[in-house]
Amino acid sequence: MSPAMANPRVRKFNPIAFTPLPVTFITTIVYLAVLILVLVTYLVVPPAPTLEMSPKGVNLTEAWRDLQHLTEGFHPYNSRRNDDVHAWLLHRIEAIVRESASADGGPEVFVFDDNLSNLTYSNGGVSKSPIVGVYFESTNIIVYIRGSEDDPQNWWEWSNGKPKGKGGVLVNAHYDSVSTGYGATDDGMGVVSLLQLLRYFTTAGNKPRKGLVLLFNNGEEDYLNGARVYSQHAMSNFTHTFLNLEGAGAGGRACLFRSTDTEVTRFYKNAKHPFGSVLAGDGFKLGLIRSQTDYVVFNGVLGLRGLDVSFIAPRSRYHTDQDDARHTNVDSLWHMLSVAIGTTEGLVSYTGTDFDSKTTDQDKVNSGDGTLGIWFDIFGSAFAVFRLHTLFALSVTLLVIGPLVLFITSIALSKTDRMYLFSMSKSLGGASETVSLRGLRGLFRTPIILTVTTVIPIGLAYLLEKINPYIVHSSQFAVWSMMLSVWIFVAWFLARVADFFRPSALHRAYSYTWIFIVTWIMLVISTVYANQKGIAAGYFTFFYFAAVFLATWVSYLELFSLPRKGYYARQASRRQKRRSSSLSSRLLTPSADELPSDIGPNGAENVGDPDETDPTESTSLLRGQRTTFANYRTGGDDWVTEYTAEDEHVREASIFGHEQSWSWTLPRWTWILQLLLLAPIVIILVGQVGLLLTTAMSQIGSDGVSTFIVYLACALFSTLLFAPLLPFIHRFTYHVPTFLLLIFIGTLIYNLVAFPFSPANRLKIFFIQEVNLDDGTNKVSLTGIQPYLTDTINAIPSAAGQTANCTQGPFGSLVRCSWSGLPPRVVKEDPGNDQTMGPYTWISYNITRTVGKNEARIKVSGRNTRACKLKFDNPVADYRISGSAVDHRLPHTSRQGVAEIRLWSRTWENTWVVDVDWHSNPVNPGESKDGDEKQDVSKNELSGKVICLWSDNNESGVIPALDEVRLYAPAWVAISKSADGLVEASHDFIIQ
């Protein structure tokens, strides 16, 4: 007897069959391959080209040396080093311009060292709160490269001169850093990219068609001051589009952070290595991202249309001493520079009129009106961009067509009597006899598995939030590994248990149907948000649903390969009767275990098929045809199909396990088509969004924001990422799930017990020192999250023996703790004398009240500083700065009044003259924002503080308290600024 005859269920190995080994191997390979590509895109920066391969006019070696020089020290606006950087930039610009002037064919270049513009404005108010007023003096450097199609006249030299022709292109970067960071990525790389753009577009052969303005702005870190005061320069009326280069991380790839519209975003496709998603822009719209960039000024105030490109990770180095050249690399610099070159070249070469038509707002430049767009990169090599309205139309169409196609297909299946889905049994004519089809098996399996596999990761998110909430700060991928591994193992375990007890050939069809329903609902929600709120972050749901629809349709089309239900039932009934007659003639009736494999316990046939009745004396001599997907013929009620023993073995070998016997004609390869239709696009789009979201938010805990939203995102995106496995996972062998179970156990233990911070992923603690010049006392304050803030303070020698006064911080879970610290030495008698002046001499101020009116003039000046401010216990109604410009586009006051006036000067030890007037409102004693008791004054009096700021942290010993904190704080702590100044000194005042 041959082996096949000995074991009728032996089947030849088919490498693409829907059986455990091919399913496990192929699915694992597909997921790993695409996931690795997605991870490589996020973790590996494209290498910088060699000098020989660099674009003509670009010198990366020079750019890197410029970055090293720029980041030699801290250079905030209120520092001497900032003046040095300003002078160095002018020198570098002039050198590049001289080189281009010596070459033939170079464009005209004009350099504006803007030391005239100034502006008074405000933050516009928040709800009913008083606003903050600002006076700022410009030290911006503006470089204009005249385009070949620009107005040849120097129109900016005329009184009220305006440019003719098409608008130019603005590329912006700020050259100031924070007082605690060297500014390599925030925004040194942007600055040196501007220098290289200047070299590139002044090189022969690269002359721009439209004018290009390079803005080296100063003062972004303190209040976007540099961009706001740029609005007072003539060039702000010339530019219609912009590219803003920023940094909110410390390397990696430069990400397209946000964009004003579809039309301008299309120019980003010129970038050699595009990277970004519309998700980040919607984060700003929804208020999830609180920090801002110069983008809001260029677009919101001036009306320019453009792009915001920024480094986004790791945020633990952002605004710290690790934002330096040592912690980044030339590859990241090249990525930003290549993006800037590609995008800018496209903008300055554009000949259309999209950015030159009139706008409805007369206060803004005539840059036209754009359309909301959707954009995302694919593996950092390709870039997709299209209108949000287009996606809305496609989504609505698909929401209607998808269910309609499946409904029509279901009707066709019912008409041809092959709709096994939702079919429990089939009646034989009008008789009471029925044959079981077991078509409901697996109907509710997928929603149960989907629910459990979603709930468990969410439960783990709660667990991490309670036990070790900040582990994601340093171990994002450990959290991802935990979530993904538990999802796959639980899904496999539940699917295998269900398949063991109730095997079903319809598992795939039912799984896809449920996923179709869930993604249909997701697309409805996404479409509503896109239409009503302009939110495009759910763009991936369209592609997700489209792929699910196609995969589901394949499962429905597969059913056409099955025998007609009536035909199957008649054949099963006949065979049952013949076998029952044969069995009744035996002396001994066999037990259920002795029955043939195709006879169920109730006598019904388990493997009914048109071709499987045993030959008898009455059997026709002609064997009937097999019923297959490709070769099916209908017959009358008396038509009978017969098979040889060999055919019977083939049929039985085509049935997997104990699944329904009618399933033997189902195609065995279509699962691969479904996998390839759905899995890659889901991994690419969902994986991209998930990684971008968690990468940008993994370190928000140090800012006082709850990390639960990060863990919740990991949990939900795990479900979205691996839901395409549900139709196949019951076929997996135990090897991969068991391995993932071990991964889950290991990562769970690690995530629960590991210390969340490290020298490579430090916790940010925010520093400020406040000096009361009236009594000479000072307090050092650190702001951070507990219990790590207390651990840091306990390591500081000057805090030993003192009880720190801790209060609720400015946001979320932040706590602020203060103690009496080492006195600062920010003011000296003269540059050559180390003797520190008494604190009472640091600020000079004079207040003169207008007789009979609630008006006063305040003159204030600080030693060794160019930044001061006035804080009022009750808001003033209005204020004016002597010699300042005002702009109705940037109101300087509001109905709520002004609680604080910030004063910035380009001149050291400047004297500001501020006129204020206030309403006659009674003042009740209470607690001020900083905890100091308010003074009880009459309704015609005004009280407050005169404060000056010191931010220069380049010389050791000037701020001993900061030096001490940096020296003794744990290695896993990074010190960042808490406010505009590192040291703030104040006098109280009362105007009577």
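Each Cβ is built from the backbone N, Cα and C atoms, and glycine gets one as well.
Swiss-Prot annotations:
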TOPO_DOM  1-24  topological domain 'Cytoplasmic'
TOPO_DOM  46-390  topological domain 'Vacuolar'
CARBOHYD  Asn59  N-linked glycosylation site
CARBOHYD  Asn115  N-linked glycosylation site
CARBOHYD  Asn118  N-linked glycosylation site
BINDING   Asp186, Glu221, His319  Zn(2+) 2 binding site
ACT_SITE  Glu220  active site, proton acceptor
CARBOHYD  Asn237  N-linked glycosylation site
SITE      Tyr318  site 'Transition state stabilizer'
TOPO_DOM  412-446  topological domain 'Cytoplasmic'
TOPO_DOM  468-474  topological domain 'Vacuolar'
TOPO_DOM  496-508  topological domain 'Cytoplasmic'
TOPO_DOM  530-533  topological domain 'Vacuolar'
TOPO_DOM  555-671  topological domain 'Cytoplasmic'
REGION    579-620  region 'Disordered'
TOPO_DOM  693-708  topological domain 'Vacuolar'
TOPO_DOM  730-736  topological domain 'Cytoplasmic'
TOPO_DOM  758-992  topological domain 'Vacuolar'
CARBOHYD  Asn805  N-linked glycosylation site
CARBOHYD  Asn846  N-linked glycosylation site
CARBOHYD  Asn954  N-linked glycosylation site
### Message
Considering Cα atoms only, can you say which of Asp186, Glu220, Glu221, His319 is the nearest neighbour of Asn237 (N-linked glycosylation site) among these recorded positions?
### Response
Glu220
## Note on the structure
By a three-class reduction of DSSP, Asn805 (N-linked glycosylation site) is assigned strand
### Message
So, three-state DSSP: helix, strand or coil for Asn846 (N-linked glycosylation site)?
### Response
strand
### Task
Report the mean pLDDT of the predicted model across the topological domain 'Vacuolar' (530-533), rounded to a whole number.
94
## Note on the structure
Listed in sequence order, the recorded positions within 10 angstroms (C-alpha to C-alpha) of Tyr318 (site 'Transition state stabilizer') out of Asp186, Glu220, Glu221 are Asp186
### Query
Which residue, out of the glycosylation sites Asn115, Asn118, Asn846, Asn954, shows the minimum number of other Cβ atoms inside 10 Å of its Cβ in this structure?
Asn846
### Query
Which of Asn237, Asn805 (the glycosylation sites) has the most other Cβ atoms within 10 Å?
Asn237
### Task
Using DSSP reduced to three states, classify Asn118 (N-linked glycosylation site) as helix, strand or coil.
strand
### Message
When you rank Asn118, Asp186, Glu220, Asn846, Asn954 by Cα distance to Asn805 (N-linked glycosylation site), which of the recorded positions ends up on top as the closest?
### Response
Asn954
### Task
Within the same chain, and leaving aside Asp186, Glu221, His319, name every residue whose CB is within 8 angstroms of the centroid of the CB atoms belonging to the recorded Zn(2+) 2 site, in sequence order.
Ser177, Val178, Gly181, Gly183, Asp187, Gly247, Tyr318, Asp323
### Query
Helix, strand or coil: which one is His319 (Zn(2+) 2 binding site) in, per DSSP?
coil
### When distances run from the Cα of Asn118 (N-linked glycosylation site) to each of the recorded positions Asn59, Asp186, Glu220, His319, Asn846, the nearest one
Glu220
### Query
In sequence order, what residues of the same chain, 6+ apart, have a Cβ less than 8 Å from the Cβ of Glu221 (Zn(2+) 2 binding site)?
Pro76, Tyr77, His174, Asp176, Ser177, Val178
### Message
Checking the contact step here: among the glycosylation sites Asn59, Asn115, Asn846, Asn954, which have a Cα within 10 Å of the Cα of Asp186 (Zn(2+) 2 binding site)?
### Response
none
